[in-house]
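Visitor: Below is a structure I'd like to ask you about.
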Amino acid sequence: MSAKTYPVLKAAKAQALIDNDKYLKWYEESIEEPEKFWSKHGKRIDWFKPYTKAKNTSFKGKVPIKWFEDGLTNVSYNCIDRHLKTHGERTAIIWEGDNPYIDKRITYNQLYDNVCRLANVLKAHGVKKGDRVTIYMPMVPEATYAMLACSRIGAVHSVVFGGFSPEALAGRIVDCESTFVITCDEGVRGGKPVALKENTDVAIDIAAKQYVIVNKVLVVRRTGGKVGWAPGRDLWYHQEIAKVKPDCPPVKMKAEDPLFILYTSGSTGKPKGVLHTTGGYLVYAAMTHEYVFDYKDGEIFWCSADVGWVTGHSYIVYGPLANCATTVMFEGVPNFPDQGRFWEIIDKHKVNIFYTAPTAIRSLMGAGDDFVKRSSRSSLRLLGSVGEPINPEAWEWYYNVVGDQRCPIVDTWWQTETGGILISPLPGATDLKPGSATRPFFGVKPELVDNEGKVLEGAADGNLCLIDSWPGQARTIYGDHNRFVQTYFSTYKGKYFTGDGCRRDEDGYYWITGRVDDVLNVSGHRLGTAEVESALVSHHLVSEAAVVGYPHGIKGQGIYCYVTLMAGHEGNEELRQTLIKHVRSEIGPIASPDKVQFAPGLPKTRSGKIMRRILRKIAEDDFGALGDTSTLADPGVVDDLIANRQNKASA
């Protein structure tokens, strides 16, 4: 735990929307009188029919969560139409291509035209309110148009990260029974093409075998690369939008109508379709965007995430556009053409607020300061971090080298399920401690409990729960509300269990210590160990697999796989590489194993349960305190695992 404290910067305090007194006053009201607080702040978006009650929620029983429930609104209207009178010619999106010489600016007027046309294309091909549309796209403006077009007509979008494999895409199409897919001929990342249309074709064939038939595929031409074509099913985006009108009225949506499904990893193998609804989500995304980033009208905001993750949904698309900000959308990667790319983009587009992940910060820190120093970064006023806890060394580098000691850092903690930021400093209100997410946002009530569920007071180390709802909270898991209740509300009755461990210090600051369930956080992306295990076991030579995380210098957590082969087979380097490739093709490159250890057996209890605690310790090269191994069916396997570990300190 870092002992250093950085007081609120004078310059940040002077112009901040919220100082410490205001934070304390608002926070108290948000906790003591949530109905009054949220009734007031719900008005930050436009409503066709105003709500009469803000909050109607319970974390007990079937966990019904409803916010602003009798109000009518439309997300697309709030992100576009309401800005047109005053700011139609303001840049809504700055698109920076993978190639540093290609960029594009889209005004709010142009955004309106593009979104309305795409909405009309969807309607022309039979997409109705409530239908699920899968978006499998690279970081191009059309991905944003697709999300907003769905929200305009009441269709529910399911964005799938363009780095996922055809198998992963198919699983997500099948789960939400999506019949319309929007994709690209190819994506471009780091100068290399990504075969999105080809992957989509494979995924559609897999889905069809599970009786989910995709009727239409709308294809954006990005590279002009050669693609397969199914006449009658496949449609060119540029041809379709030319046939329709540039106006489409927004559908009046109930606040609790579904807005999107986003799949996230759970501790069991099947990804969960987290469902967010319309009113509460937008209020919360817009409000956190304004106050956490201390956003001022006309500023340029860059979140370097991908729209395939929740961070992209809330802080590239919905939060910034609801606030009439200029949002930067970057197609490429931080190290192409070289490791100075982020800082060059900041100078080129005069970015004021920059929000990225600790993994990127650590890898760019490793490349040395020269790449940073050749840019001025003089437009920067605020830095943010998201996706995983940031280690103090990376925080200090980000603050001192990137921000020149003049930009506050907001280290934000939240999840796919929370819709927006829950714990974070506010730049004009919060003294900073490197590595701490600091204090809860308005309306957020954290609680630490021990493994038995006993509430821990004061400075303590425990499991992080939330004891009351906030507007951005997910409402269910698509098609499986029982799983929603079981996953989040059954471990500690009446509380939302985050799955994260957390320490609270004597100042009441929160320090996230990492996952306490079977979920990995690799480069800020969640991956279920069970997902990786089932990918490994699907290989014909693998009899059993166990996957754990271990500390990784760049990614935060690396993926360590223990593999038992079928009888008569020996592990070797060639097979190790084959298995790594196999996992990549089953899930995608983000799931690429870092270490594969062949093991004759895994440590199991007599009831057959794998003792992951032991595997974690061995993966961490820390087996001095393995605890009680007497319950193991075959204690001898532990010695073999230790002898053949892949992570020896000397290695």
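Indices start at 1 and increase along the chain as displayed.
Cβ coordinates come from backbone N, Cα and C, glycine included.
Since this is a predicted model, take the numbers as computed values, not measurements.
Pasting the relevant annotations from Swiss-Prot:
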type: BINDING; residues: Arg189, Gly190, Gly191, Lys192, Thr311, Asn335, Ser523, Arg584; note: CoA binding site
type: BINDING; residues: Gly387, Glu388, Pro389, Asp411, Thr412, Trp413, Trp414, Gln415, Thr416, Asp500, Arg515, Arg526; note: ATP binding site
type: BINDING; residues: Val537, His539, Val542; note: Mg(2+) binding site
type: MOD_RES; residues: Lys609; note: N6-acetyllysine
Visitor: Which state, by DSSP, holds Asn335 (CoA binding site): helix, strand or coil?
Guide: coil
Visitor: Given Thr311 (CoA binding site) and Gly387 (ATP binding site), what distance in Å do their CA atoms have, once rounded to a whole number?
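Guide: Per the Cα atoms, Thr311 (CoA binding site) and Gly387 (ATP binding site) stand 8 Å apart.
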Visitor: Among the binding-site residues listed here, Gly191, Pro389, which has the most company in the form of other Cβ atoms within 10 Å of its Cβ?
Guide: Pro389
Visitor: For Mg(2+), what surrounds Val537, His539, Val542 with a Cβ no more than 8 Å from their Cβ centroid?
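Guide: Surrounding the site, in chain order, are Ala535, Leu536, Ser538, His540, Leu541, Ser543, Ala545, Val563, Leu579, His582.
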Visitor: By a 10 A CB contact count over all chains shown, which of the binding-site residues listed here is most packed: Thr311, Thr416, Ser523?
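Guide: Per the Cβ count, the most surrounded site is Thr311.
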Visitor: Measure from the CA atom of Thr412 (ATP binding site) to the CA atom of Asn335 (CoA binding site) and give the result in Å, rounded to a whole number.
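Guide: Computed Cα spacing between Asn335 (CoA binding site) and Thr412 (ATP binding site) is 24 Å.
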Visitor: Distance between Val537 (Mg(2+) binding site) and Lys609 (N6-acetyllysine) at the Cα atoms, whole Å?
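Guide: Distance (Cα to Cα, whole Å): 17 Å.
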Visitor: Counting across all protein chains shown, how many other Cβ atoms sit within 10 Å of the Cβ of Asn335 (CoA binding site)?
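Guide: Other Cβ atoms found within 10 Å: 16.
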Visitor: In this structure, which of the binding-site residues Val537, Val542 has the fewest other Cβ atoms within 10 Å of its Cβ?
Guide: Val537
Visitor: Give me the CA-CA distance between the residue listed as 'N6-acetyllysine' and Arg584 (CoA binding site), in Å, as a whole number.
Guide: 27
Visitor: If I restrict to non-local contacts, at least six residues apart, and a C-beta distance under 8 angstroms, what lies near Gly190 (CoA binding site) in its own chain?
Guide: Asp98, Gly332, Val333, Asn335, Phe336
Visitor: Would you count the other C-beta atoms found within 10 angstroms of the C-beta of Trp414 (ATP binding site) for me?
Guide: 24
Visitor: Using a 10 Å cut-off between Cα atoms, which of these binding-site residues sit near Ser523 (CoA binding site): Thr412, Thr416, His539?
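Guide: Candidates kept after distance check: none.
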Visitor: Around His539 (Mg(2+) binding site), which residues of its chain at least 6 apart sit with Cβ under 8 Å of its Cβ?
Guide: Thr578, Leu579, His582
Visitor: When DSSP is mapped onto helix/strand/coil, what comes out for Thr412 (ATP binding site)?
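Guide: Assignment for Thr412 (ATP binding site) reads coil.
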